[in-house]
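Engineer: Encoded as structure tokens, here's the structure I'll be asking about.
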Amino acid sequence: HLRQHSGERPYRCPTCPKAFKNSSSLRRHRHTHTGERPHTCGTCGKGFAQAANLRQHLRVHTGERPYTCGTCGKSFTHSSNLHLHRRTH
């Protein structure tokens with residue numbers, strides 16, 4: 001927990017200059033170098049390096065749009081799209 005505040009990043013990637021605060025972040029990052037995509041969509045078979053990206057992808061199939069504009073009510077699958085949309089108001 002203290003690393004979150006100290007900025008210490010002792011877990012270094014052996015392939016590139018990136019460093020991480022914890023071993024799980026390094027393990028996740030290493031998929032970018034190996035091309036491994038261990039998280040697979042059960043509907044379409046598309047693979048993802050990170051579980052969070054699979055969860056986000058599943059919204060394509062479910063139609064879930066959890067990010068809603070408080071001004072006009074338009075909803076989005078990704079929070080970044082909502083942030084971009086808010087600039088239009």
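Glycine too: its Cβ is placed from the backbone N, Cα and C atoms.
Curation does not apply to TrEMBL; its annotations are automatic.
Annotations for this protein, taken from TrEMBL, read as follows:
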type	residues	note
DOMAIN	11-38	domain 'C2H2-type'
DOMAIN	39-66	domain 'C2H2-type'
DOMAIN	67-89	domain 'C2H2-type'
Engineer: Could you tell me how many residues in the domain 'C2H2-type' (39-66) are helical, how many are strand and how many are coil under DSSP?
Structural biologist: 12 helix, 4 strand, 12 coil
Engineer: Go through the chain and flag residues at least 6 beyond the ends of the domain 'C2H2-type' (39-66) whose CB is under 8 A from any CB in it; none is fine as an answer.
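Structural biologist: For the domain 'C2H2-type' (39-66), the nonlocal Cβ contacts are 28, 31-32, 75-78.
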Engineer: What is the three-state DSSP composition of the domain 'C2H2-type' (11-38), stated as helix, strand and coil residue counts?
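Structural biologist: Its residues divide into 12 helix, 4 strand, 12 coil.
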